[in-house]
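K.L.:
The following feature annotations were taken from Swiss-Prot:
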DOMAIN    23-264  domain 'tr-type G'
BINDING   32-39, 98-102, 152-155  GTP binding site
MOD_RES   His605  diphthamide
Amino acid sequence: MSSAVRVVEKQLDEILAIARNPAQIRNAGTLAHVDHGKTTTSDSLLMGAGLLSPKVAGKALAMDYVPIEQLRQMTVKAANISLYFEYGGKPYLINFVDTPGHVDFTGHVTRSLRVMDGGLVVVDAVEGVMTQTETVVRQALEEYVRPVLFINKIDRLIKELRLSPQEIQQRILTIVKDFNALIDMFAPPEFKDKWKVDPGKGQMAMGSALHKWGITIPMAQKAGIKFSNIVDAYEKGYVDQLAQEFPLYKTLLTMIIEHVPPPNVAQKYRIPRLWRGDLNSEIGKALLEADPNGPTVIAVSKVNKDPHAGLIATGRVFSGTIREGDEIYIIGRKMKKKVLQTYIYMGPSRIIVPYMPAGNIVALMGVDEARAGDTLVDPRLSEIPPFEKMRYISEPVVTVAIEPKNPAELARLVEALKDLVIEDPTLDLKIDQETGQILLSGVGTLHLEIATWLLKERTKTEFTVSPPLIRFRETVRERSQVWEGKSPNKHNRLYFYVEPLDETTIELIATREITEDQDPRERAKILREKAGWDADEARGIWAIDDRFFNLIVDRTSGIQYLREIRDYIVQGFRWATEAGPLAQEPMRGLKVVLTDAVVHEDPAHRGPAQIMPATKNAIFAAVLSARPTILEPLMKLDIKVAPDYIGAVTSVLNKHRGKILDMTQQEYMAYLRAELPVLESFTISDELRAAAAGKIFWSMQFSRWAPMPESILADMVKQLRKKKGLKEEIPKPTDFVEAF
């Protein structure tokens, strides 16, 4: 990439001049289903900026800068690049992010969307709108990111499917219709109509990233080009001419400039969605305007480990101007750090810049403690609310155990794993303090495969990886009786019951409409109006676990010294819900209610070592008396298959406890939507391929948690307990507390 660095340094003065004018900045990125051609499309854009030679664009995969990405021909991380482009006689700076399409890497997409105002959605003309297209469009719309459409691989319609010009036109209209249906379904109400793509207005482009051409309807009309001319170009061998006349980079960058809003426009509607502070305050106004002279506020979207520079935080400057040497405060971590260097990105290369104003994407060295999702501010603003937490669509549901072949390498391995989890918060790391066992959880098997590959590359150590295990959740199916938890010294008594948390409240936690640090009155009002909560109970919430969707409520009145032990009770609640009594799996959807308490007057007799076990034991007893069960993760499958093979595919799904949710048929293709337990998914790929003689496309992504069928529940609990070295029989409430 050295040529890229030279080009950029030549342009650096021009880039900094534009960076000060928000009207000439666009923050956009590619979004797509896996293999629909995002990275090849991004490479065309690099060619346009003079960063790749035209010969290699389309197959260089320059944005896939991790070696395994080029090896597997797929993107697993999100890469940033700043492009300089002239349009209508004006220079523009387009900050561009290439994101992964595979379902296992949606976490990288979530983080990238925070810095984008527009998403270039790439759709394969043959496969059309797929599950992951739906997921990324939905994620984009939740972050108020405007989507525009590029229908890629038109060459496949001509060369593989041999469609006539009329059929190609029909295929494109179908994709536009399906795409607009997603916008209708997921867009914020005020943008449902405004953001639907209108091909006649140039909001949709079509072309071939591989052959480097792209065209919009207005461009085609102006040049007098018809679908029959495009078919001719392929049949008569003058595709290169098409690429010269309508270079893809020019078409796409023009579409982005015309239809993706500049930051000072986008922030007017994005900030009220992303930030809960006072919009009429000085900082509120600066954020809405993307004011480079306002106080500094940066949203961190990702953190990467650099072998020489340490941790590099990348984010978007929403207000103010960040300079080398500035002091910055990390909200939530309550610490000040000094920015040692500021950069912009060119694929894997970082280019040092003296400053970066509002509306731009910047990389910072020196803020080692910052994490994806953090808010960095001018130290004088340490009291302002941070940006909304990022909402990850997929959860880590597959786990592997990692063991170094040489025990002396353990510390180095653990250190490198901690760095991986910082870079990718959708990974989950657990180290058993007693046994030293290392457990790494990810969204899917591919996610873990890539993580362990990176681990090997970075540490150069040998280690073994166990076969994948599924992560489960524990929950309850009814309300328990009240149970008494006694502290070990018998001087404190706490009384709890548990019950299932209703789905509406779980959704309010998931969408962050209610949060732990929210004003209790505001939270109580939302719970009363949207989930039918009792007013007193809603005001009594002490803690919300937004990772596994549990909460604890205080329903006591007038208990002496309760306030002094509140934090210890909350810690005991978190301890209990992290690993439940059935099989030490995390609890999900649990409402814990404290009804009464007797607290010792002497602080020496009511410390954490007394209160936490009393809380945990009472919660465990309550859970075991409330018809506990195991929840298993289900995957959603989108299948496209030749109609002749529907029967064979259905029988494969039935064999694996799969359930068909929906089926539609067109002349060439049947479309099936199904659900399948992750537990049953490991061999399904080969079986589906064999059943349909290879004539099948499908994609899988996390769907939901569902109770395990009663017929296999007892066996599964025994298996899980055995694997964890626990006694096989399920404990009784009286194993944790005295009968009450």
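Cβ atoms are placed via backbone N, Cα and C, with glycine included.
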K.L.:
Could you check the binding-site residues Ala32, Ile154 and say which one's CB has the most other CB atoms within 10 Å?
P.N.:
Ala32
K.L.:
Where does Ala32 (GTP binding site) sit by DSSP, helix, strand or coil?
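P.N.:
In the DSSP reduction, Ala32 (GTP binding site) maps to strand.
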K.L.:
Using C-alpha atoms only, work out the spacing between Ile154 (GTP binding site) and the residue listed as 'diphthamide' and round it to an integer in Å.
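P.N.:
Checking the Cα atoms of Ile154 (GTP binding site) and the residue listed as 'diphthamide' gives a distance of 74 Å.
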K.L.:
About how far apart, in whole Å, are the alpha carbons (Cα) of Ala32 (GTP binding site) and His605 (diphthamide)?
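P.N.:
Distance (Cα to Cα, whole Å): 58 Å.
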K.L.:
In which DSSP state, out of helix, strand and coil, do we find the residue listed as 'diphthamide'?
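P.N.:
DSSP assigns the residue listed as 'diphthamide' to helix.
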K.L.:
Let me check the 10 A CB neighbour count of the residue listed as 'diphthamide'. How many other CB atoms are there?
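P.N.:
I get 14 for this one.
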K.L.:
Look up Ile154 (GTP binding site) in the DSSP assignment and reduce it to helix, strand or coil.
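P.N.:
Assignment for Ile154 (GTP binding site) reads helix.
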